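The next block holds one structure in the form of structure tokens; read it before the comments.
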Amino acid sequence: MSETAANPRRIPDRLSGRGMAALQSWESLLVVVAIAVFVANTLASPYFLDPYSLSDATYNFTERAMIGFAMALLIISGEIDLSVASIIALASTAMGAAAAAGFGIPVLVVVALVVGLVCGAFNGFLVTRLGLPSIVVTIGTLSLFRGIAFIVLGDQAYTSYPSGFSWFGMGYVFWVVTFELVLFVVFAVIYGIVLHKTNFGRQVTVIGNNPTAALFSGIRVARVKFILFLLTGVMSGIAAVCLTARLGSTRPSIALGWELEVVTMVVLGGVNILGGSGTIPGVVLGAMIMGMVTFGLGLLNVPGTVMSIFTGILLIAVIALPIVWRRVRTRMRT
Amino acid sequence: MKAFRKIVMAAAVSAMAIGAAHAADKTKIALVVKSLGNGFFEAAHEGADEAAKKLGDVQVIYTGPTDTTAEGQIQVLNTLIAQHVDAIAISANDKDAVVPTLKKAMQRGIDVISWDSAVAPAGREMHLNPSSNELIGQTLVKLAQQALPDGKGKIAILSASATATNQNTWIAAMKDQLKDHPDIDLVTTVYGDDLSDKSYREAEGLMKSYPDLKAIVAPTSVGIVAAAQAVEDAGKTGQINVTGLGLPSEMAGHVKTGASKSFALWNPIDLGYAATMIAYQLATDKAEAKDGATIDIGRLGSVKLDSDNEGVMGEPFVFNADNIDKYAKMY
């Protein structure tokens, strides 16, 4: 909160208490939006509040949100990775080739993780060792990684996955709780702890705020950023396992355009696109809102074209609302 | 926590009850297309609505993703499953990727068929093909013959590439048909590789080599346009008729000049109509999708299923000066 910066004439007589700060935070706004979306969906469609429907609805965000957590850290550090969807395509293609060669499920998972790691390392190397801007590097690798998948597969598809493999994409752990949902929660907790409770997370935020100051205060900036690229790569590999298992097949066009959906989720979750701030609970809420809005509109059979307009407006509205609100409030006080 | 679960369960049960009540009113058929905003599929929607009107107690849900991705289609399918639609008729973006989701739909009692672009057999009860190779061959010969003076003369085929599977099958079917038409002389088959300029040059070559050529049959949407253009440019409109398979929007101009008297392709209105008719009968248990079954498709006759549970709607639809304007606007 930087009311003082926005309006120098207002001199605060006391710092607002912890509770007040929490109430005014981005996350509480998102909670309100999430509840509003949930209630609106329930009222609008009789089918929304069905355990199986809600379970199906989670597929609208789980895979993308897993990448979103790693992307959040990367964006907070002031970098970005636009090649994540292409890493999915490449990892999925490698898995398909391994499955076609007769390897079992553990090998497939390892293959996807290794491909993710290698792609992440490649991005990280170009950005941190050669000092190239990450947006340029990852736009390049966006074409490169998917290009390799297209060369390997052309207009063909890998479909010979082992029978138990689909569990990663459609299996239930208990009742209607899917494996993907459990994975989503586990990663949310891990990334939340890493960002908010560890030295490493602190360093990520500091780097995003001022990389030069971070460097001079003894943080190994390049190393931290390299690790973050590895993380987005590995998370894309994990998402590739889930998505491939869910589709039961691999085509080079898999997950086309997901990089922007991941970035949208992260930004909606309150991560500053310029780096320096953001929270994991925010990303969780952002992902769930995106998922619920698209699923709710789908239940009403709103055409996808209208839906994308709607999500665009939602994004702008959620970001503009606090800024407008702050302006209005300061105007009322003067 | 327990109380919350109870509330959710109660709400879910009541929601399902409402859902069931809805379903009792009307049979809900979802027409899932590759992408929205495509004239071909808008026309199929028109046909589906026509079928719904004829059937009476049917609600058609026309839906699809914004771009032709399997993930987008799966997202749409999940919302349809949640709505407990009675049947899904899909033109698939990816014949394999939608299978797991469609299997889930069938497990939950939804009848699933594919049309236009097929789904792998595991993910659907049956597939509706717009036409068959034999019927296409038959139609092409018929169109060529209709425009020949006295029904006899020399014709040539302008195909895509020499290795194009579809075109070769259709040409073989044509040759089969031609055995019964000794008056029609198929002089040669040339290949334009589905490139406009190469097809154009091949058509020019045909006119030079066979000055008394009466018709060019091009079973490819690129070739037919190039051939019609070549005939017009050579000033042979009226002497040589161009026919084959093509898109109405691309051929409208050449039909107007007279270079092409008629040509054929699938009619998306009929496809949407037939898919809806079949989906309705499967959903209401008036028909069953199995080997050898015959399913009624209203004004279009009936569809007979083969051992792969695939059926054929009928002959390709013929476009001529009378109807070209209507279809040129669609696709």
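Cβ coordinates are placed from backbone N, Cα and C, and glycine is handled just like the others.
According to TrEMBL, the features are:
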TRANSMEM  A:29-49  transmembrane segment
TRANSMEM  A:69-91  transmembrane segment
TRANSMEM  A:97-118  transmembrane segment
TRANSMEM  A:130-152  transmembrane segment
TRANSMEM  A:172-194  transmembrane segment
TRANSMEM  A:226-248  transmembrane segment
TRANSMEM  A:254-275  transmembrane segment
TRANSMEM  A:282-300  transmembrane segment
TRANSMEM  A:306-325  transmembrane segment
Tell me if the transmembrane segment (A:97-118) touches the transmembrane segment (A:282-300). I count contact as 3 or more CB pairs below 8 A, with pairs 6 or more residues apart.
no
Intrachain neighbours beyond the transmembrane segment (A:130-152), with Cβ under 8 angstroms and 6 or more residues off its ends:
79-83, 85-87, 89-90, 92-93, 97, 119, 122-123, 252, 254, 259
Near the transmembrane segment (A:69-91), which residues from the same chain, at least 6 beyond its ends, have a CB less than 8 A from one of its CBs?
111-112, 115-116, 119-120, 123, 127, 134-135, 138-139, 141-146, 148-149, 187-188, 191, 194-195, 201, 204-205, 207-208, 211, 224-225, 228-229, 231-237, 239-241, 243, 252-259, 262-263, 266, 269, 271-278, 280, 283
Most Cβ pairs under 8 Å with the transmembrane segment (A:226-248), selected from A:29-49, A:97-118, A:306-325:
A:97-118
